[in-house]
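Colleague: One structure, pasted below without further comment.
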Amino acid sequence: MSETQKVKDPTPPVKESQGSQVVREIMSGNAVISVLAVVVALVIGGILIAVTDPRVSTASGYFFADPGATFSAIWSSVSEAYGALWRGATYDPTARTWQGQLGIFETLTFATPLILSGLAVTLAFRAGLFNIGAQGQIILGAAFAGAVGFGMHLPPVIHLLAVILAGAIGGAIWGGIAGFLKAKTGAHEVIVTIMLNYIAISLVLYLLKNQLKDPTSTNPISPQMDANAMFPLLLGPNFRVHAGLIVAILAVIGVGWLLNRSTLGFEYRAIGANPKAARTAGMLVSRGYITVMLISGALAGLAGVAQIAGTEKSLDSEIAGSIGFDAITVALLGRSKPWGTFFAALLFGAFKAGGTSMAVNADVSIDIVAVVQSLIVLFIAAPPLIRSIFRIKAARREGASA
Amino acid sequence: MKLELKGITKSFGALIANDHIDLVVESGEIHSLLGENGAGKSTLMNVLYGLYEPTAGEILVDDKTVKFSGPADAMAAGIGMVHQHFMLVPVFTVAENVALGAESTGPGGILNLEETRRKIREISARFGFDVDPDALVEELPVGVQQRVEIIKALVRNAKILILDEPTAVLTPQETDELMDIMRQLKAGGTSIVFISHKLREVKAVSDTITVIRRGKVVGSADPSAATTELASMMVGRSVSLTLDKADAEPGPVTFKVTNLTVMNDAGQRLLDDVTFSVADGEILAVAGVQGNGQTELTEAVLGLHKHVQGSIVLDGNELVGRSVRQVLDAGVGFVPEDRQDDGLVGEFSIAENLVLDLYKKEPYSKFGSMNRAVIAKNAEAKVAEFDVRTQSSQDAADTLSGGNQQKVVLARELARPLKLFIASQPTRGVDVGSIEFLHKRIVAERDAGTPVIIVSTELDEVLELGDRIAVLFAGKLMGIVPGKSSRELLGLMMAGLPADEARAQLDGTVAGTAGTTPAGTAGTTEGERS
């Protein structure tokens, strides 16, 4: 049945390769889909929490004798877990220390590099490039920032500015390579950026064992950054939230202006939506690919700065964590819009901040958070799934096709 | 076999493509469906062919209700369809293509093509098709490929043949041959549904004409009806089909193309040593069957091609080797062949599309920042001036109909002072009502003293607009002839005869032999093979 239905559906004319068509649809869906994807992921996460909870399985043992017990066990298990997640990410009156009560600032701290690297993916995508290489660009940005941060000794403010600039340049170089290869040889940016991720990791590991190594340590780790090179903490030493957040918010505003108001952004969007028309209108498509990857890489590089000069203080091979990959999800969830990316990054920051609290206070494995995040990706990547769950009519544009 | 459609309705969401259509095709008649692009003709035929399920209504074959759940059912009921874009496998032979989907096999599943070959020869002989079953499809001319499609349907015992815009890809001579074939099929008892928006052809070949507009049957007409009457039925208001165009008053020659050769990456010559010039205030129409170098010619002028030799001079400045930006800045207005692919960014608003190549200029932007208010104001003015039918100039360009999209492209390109205006297929897929308007704007640009180049595969358009007509064949210029040349002359040139030879052939011989040129070429290939 579904097979014949498929045949009967009038297919819109395919103007670009199937793959990029799919990616485009995923990235440009509406906000409702994003919200519903999160909701459905949380519901399924809740089911997983319930079935893995021993109290629920005990109660279900005498389900027919007392079905209410099972339901109340499910309710208490799921509400405790998500309650702990929510409190951990925002405000938890039960925490022992007053710093611990204010999880919202941990959320903001985790969100900072996600905002910046999410913007990197978003910007490149709007120009039609799928930048999978935020991870490598973050690592390079952090390495460049670190080299300036602990290798040089400059006066306050100037040192920090130098660190920020170096990080942006490091990321821009790494992103720019992919843009240059795309523009000059047509090499696909997805392949190139994935490979550059591996190269970045190996390169930094090499540097950490040689040039950037802390001579006092036996591990592959760099010396600590100068105090002048660090982002000032916004709320004093009790909280980790740092001035990188301000950089990130400025970047959201800047990318928003770039995309929606500037002639450069007009070019990027035209190139992303229809490169042939852009070329016919006199735009230099290949130059657009190079510059957008430079800017995208610089944004990811700033995420690297936020890591090393915000929270980590020294460079090691784990500096980027999984930020570069979460950035892709964040950009997807944010529908490749600057403010959408911002809020998606906040959500992921909250997952990270609240996940620990959930593990500790509700005794739910922190892996649940990873599962929920993965489910979000799944549901966003399959908009028809969400649509069929909620019976949303696809807003298709169909001509009379005569 | 009699075919009847009763109250067929097909909707896609909110869009109703067919609205209660009634249609009766009697046995052995040629029934034309006349309607503009987007009127719902193809949708109706796809319903009939089982590709779409009708939302309401029923199909009757010989007064019995039938239900098709796919093309196979339709074929079994005796309905065959030749699509606008052929459904042939280019690397297969004619016989293999015909057999595809209904192969007869010997023991062990071994393909047996002998039976198919025999049937092809039989049908070829009966209708004078002149098709070799063992010829490779990709080596056949387009007109012959179309006959293969017809054979495919006939082999499957089609009693009703649907031809969807079959003349769009043919030269005038090939069109005449197709019409002969249609008449023969009709004499043999096959009914034909002929879908077209070309009034001349519909009048020439039909027994009955049904006119469809916006998904509804608006009436039927007799083939003897006046062309203007048919056109008004099709469009829904009176249209003038002839352009009141004053004779050109050519000024000095400011645009010269000399020995222009364009090659692809493989070094194949797509445009071969072409030389011509266009004067101020003159329209040069470039005619030719699709794919004979016209696209390359226009793209070479704009600077989109890498391998270009020769020279293109505008106002004393060499254009070869310049970037697209520089060419546009030199005063070239360019309407690309495929507006959706090259002319517009579909998801951009109409307002944004109206500044797609002007966005860097003041007042649309300043210091790298776009001025939205000015862009919106510009859009309002252009939408009004060019009568773009839209609810808002902030709507996405791909919500517009083809005609309105083309108006947007033209409005943009005519917005600045031009030194040369090039338009490729300016009215392809555009409704008759808009064609009138677009043509007037193009002539107005000429009258303002701009040299104009129009590339078109529609002979009507070429004859209507061209002050002089250049014909391209296989990348070579067959010659430039005056604007009022005969269709026969242009047809011969489009089939590959240089102007003087074509003239000699028309003067020296009877018109009858002229028509057989393409078929003759096919015959030679066949002779070499068998």
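Note that Cβ sites are derived from N, Cα and C of the backbone, with glycine treated the same way.
Positions annotated as transmembrane segment by TrEMBL: A:31-51, A:102-125, A:137-154, A:160-181, A:190-208, A:239-259, A:289-309, A:366-386.
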Colleague: Based on Cβ pairs under 8 Å, which of the stretches A:31-51, A:137-154, A:239-259, A:289-309, A:366-386 lies most in contact with the transmembrane segment (A:102-125)?
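Modeller: Counting Cβ pairs under 8 Å, the winner is A:239-259.
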Colleague: Most CB pairs under 8 Å with the transmembrane segment (A:366-386): which of A:31-51, A:239-259, A:289-309?
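Modeller: Top-ranked stretch among A:31-51, A:239-259, A:289-309: A:31-51.
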Colleague: Test the contact criterion for the transmembrane segment (A:239-259) and the transmembrane segment (A:289-309): 3 or more CB pairs under 8 Å, pairs 6 or more apart in sequence, then answer yes or no.
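Modeller: Between the transmembrane segment (A:289-309) and the transmembrane segment (A:239-259), which are separate recorded stretches, there is contact, as judged by 3 or more close Cβ pairs.
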Colleague: Is the transmembrane segment (A:137-154) packed against any residues at least 6 beyond its ends, judged by a Cβ distance under 8 Å, and which are they?
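Modeller: Sequence-distant neighbours of the transmembrane segment (A:137-154): 113, 117, 120, 162-164, 166-171, 173-175, 197, 200-201, 203-204, 207, 212, 222-226, 228-230, 296-298, 300-305, 307-309, 312, 314-315, 319-320, 323-324.
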